[in-house]
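Student: Dropping the structure in here first, questions after.
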Amino acid sequence: MTRRVRLWILAVGGAGLAALLVAACLELPGFGGTSHPYGDRAVRASLARRTANTIASINFDQRAFDTLGEMSILFASVLGTVVLLRQTRDERRAKPEPAYVALPVRRYALIVLPVALLTGLYVIAHGQLSPGGGFQGGVVAATALHLLYLGADYRALERIRPVGLYEVGDALAASAYLVTGLAGLIGGAAFLANTLLPYGTFNTLSSGGTVPLLNAAIGMEVACAVVVLLARFLDQAVEIEQEGGT
Amino acid sequence: MNGWTVAATAALAGGVGATVWGVATGPLRRRVVAQNLSTSLACPSLLLLAQGYDRPSYVDPALVLALLGPVGTLVFARLLAEDLEKDPPKAPWLTYAASGFGAVVVLVLCVVGGPDRAMGKLLVTGALLVGGNLIASRALAGGIAGSRHG
Amino acid sequence: MDDPLIVVTLLLVAACATAAVAVRDPERQALVLAVLGTTLAVLFTVLQAPDVALSQLAVGSALTPLLLLLSVRKVRRRGRKKDKAR
Amino acid sequence: MSVLPYLVAVWIFLVGCYGIATSRNLIHAVGCLAVCQSATYVLLLAVGYRDGGTAPVFSDVKPGSRPVVDPVVQALALTDVVVGATVTALLLALVMQVSKRHGTVDPDELSELRG
């Protein structure tokens, strides 16, 4: 099939898809409408369980099983990346040369690193109160660690980042989520049901029953997953070389 | 709409719109500067929106943007260092202007909000934003030199 | 209530997405994608979804560009080696 | 106005598809896929918006004092943003493998190689 024929097929298919999608859009309830039956019920359920952030309540309580699915996708894609990017037999490791980094940039990286880590933890810990949660905070904390690569050099990052430990942490966090769910079963309710812990006082750190626990598990899982992913990518891009080349 | 959201709309339409144009066209040196400026203009807009909607908790996204936006620019400075070395960006005035805008917005919001816990968060955001943008533009202008495999 | 604001941010996102596709060099595309992440975050804030905005900022501003640029570097290094071997 | 956000989502999706289909570099195609993904977030959040509403996060407003937007779609979008990034990483890892095996990341050259 030549490029030209392919473009024609794309144009025809795209036009058909566009027509269907636009027709669908015209039938959707208008933007900004007042009818949100699911939303209203979710808000009521969240307030009944004293979780201030309704979105956290949906993610880790009302639809916790769905989040388990999302977490398994995350886990599987990290696993896939680790398998795909392992060092093969015809590759060797070359020591990367350190880059020159100007002093202000280096200082900035070293000052911001702890601030960013703290922000990540803050975002995770306040997940059930204010915007934030395990998914966002985990990424922020993991990105923070890589300031060492940006501001100093790759060797400095390697020293504080034993990848094996983070892989274990990833698996532990995933199983912690499962165990919290199973605990609901043992407690005589459904899997991942939020009946185990007292709901606490509205708008405090320990409110919401199992929501903070699952939130923390997801935070750890995401942080470890991102660190492992970036470790593999950095390995490939910076260190690993094909045999016989430079 | 109130004054705060009108100001945010203006900053977004004018400032961020211009950076979208800047990042999509032109030589690499212009694109990286536009990327850095998009952070320093979008972050004050987020702060203005938080004030306009009267929701202190909306400051969190601005805080994260002030933290990670410059980090993103450092990523580009580090991994595009070889290309940037040949053709370093020279636009200090734009960077100063954008940082000044951020500082003014943070100060105005601090004055309006009065001294409390939210003001601490605002000040941290402002410091990270202004410092981060100046450092990131320094890194782009040769602060990180390329090495073959670094 | 905030119609002009929503329209402006929507148009910004649409323009940025178009640019991200039109820019063919992956390194420059990574720059556009970083800006797209920021504009998306502003749009999400305007649509009253600060949680999603946080998520988008955490991922879009540093993580995605870093992944893309590292892949480009790996592929480039292999390409350069191949040219040398020829 | 009442359909503009949906139309923008459709536009972003179609533009991303066009980019994937005409891409000459697999890394660029992965970037276009990220653009397609963002279309779904725009659509979801547009569906959940309510005029004059605010976020259903009650750490700084009293419950019931202001109308709120739909939190369900927000929860869907927020998990997918992060999970989508790791899937992007998996795709990029596949691209690296392709480049190792075949020495090119141009889909046209790759389809020639197969024969």
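Placed from the backbone N, Cα and C atoms, the Cβ positions cover glycine too.
Predicted automatically and left uncurated, TrEMBL annotations should be read as such.
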Student: Which range is it, out of A:10-28, A:67-85, that shows up in TrEMBL as transmembrane segment?
Tutor: A:67-85
Student: Please spell out the DSSP helix, strand and coil residue counts for the domain 'Na+/H+ antiporter MnhB subunit-related protein' (A:106-227).
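Tutor: In the domain 'Na+/H+ antiporter MnhB subunit-related protein' (A:106-227), the DSSP-based counts are 85 helix, 0 strand, 37 coil.
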Student: Would the transmembrane segment (A:171-193) count as touching the transmembrane segment (A:67-85), i.e. at least 3 C-beta pairs under 8 angstroms with sequence separation of 6+?
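Tutor: As far as Cβ distances go (cut-off 8 Å, pairs 6 or more apart), the transmembrane segment (A:67-85) and the transmembrane segment (A:171-193) touch.
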Student: Going along the chain, which residues at least six beyond the ends of the transmembrane segment (A:171-193) come within the CB cut-off of under 8 Å?
Tutor: 64-65, 68, 71-72, 75, 210, 213-214, 217-221, 224
Student: Average pLDDT across the domain 'Na+/H+ antiporter MnhB subunit-related protein' (A:106-227)?
Tutor: 89
Student: Near the transmembrane segment (A:131-150), which residues from the same chain, at least 6 beyond its ends, have a CB less than 8 A from one of its CBs?
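Tutor: Same-chain residues near the transmembrane segment (A:131-150) but 6 or more away: 53, 55-56, 59-60, 109-110, 112-113, 116-117, 119-125, 156-157, 160-161, 214-227, 230, 234.
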